[in-house]
């Protein structure tokens, strides 16, 4: 299994993401620039956090026009794994791979802290977490307030697409949503950073089971 970590102008969590999957989890991975046009040698895509293109207009609005995005969309439509954290989540909503949008935090302040999360373990991204587990992951964002219309929220609930839920008030997100997946289950976006919770020295290892789930479920599909 080989993963691509996409690097946009303004990305600042790309190194964290590469370190987490490659050095800690032992997954083959490498950086891919935003202006690349092929992901032919990769099996999955990771969109990192940061401030792509300075977050001008709105978060992810300019990144959606990067040449690599066409390949990311192709990956998703072919059922391959696509994951976006923080700014990566914002980009996934901008390009239409995930429903809804991310608004300014209701406090109008940047939030940087560890938050408790409820995990839906019945997804390919979370199957290695114990049932009914509560985990802690860092967040660091100014625009993480998830919003969608009532019809979309109803569908997210009915189709088991809400993957991570805040267990306390964090940013005003509708239904306390912290992360969602697409209906097919191969695309996930979340505001918290699992790549920053990989070592006890950093305060938590709760992110490891997230990447272990990716290895088990998406890696298994490649070997079949």
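Each residue, glycine too, has its Cβ placed from N, Cα and C.
Summarising the annotation, Swiss-Prot assigns active site, nucleophile to 86 and lists sequence analysis as the type of evidence. What Swiss-Prot lists as active site is 193, 195. Among the features that Swiss-Prot reports, domain 'Glutamine amidotransferase type-1' is placed at 3-224, with the record citing sequence analysis.
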Going along the chain, which residues six or more apart from the residue listed as 'active site, nucleophile' have their CB under 8 A from its CB? 13, 48, 49, 50, 139, 140, 141, 144, 190, 191, 192, 193
For residue 195 (active site), which DSSP three-state class applies? helix
Reduced to three states, what secondary structure does DSSP give residue 86 (active site, nucleophile)? coil
If you draw a 10 Å sphere on the Cβ of residue 195 (active site), how many other Cβ atoms land inside? 28
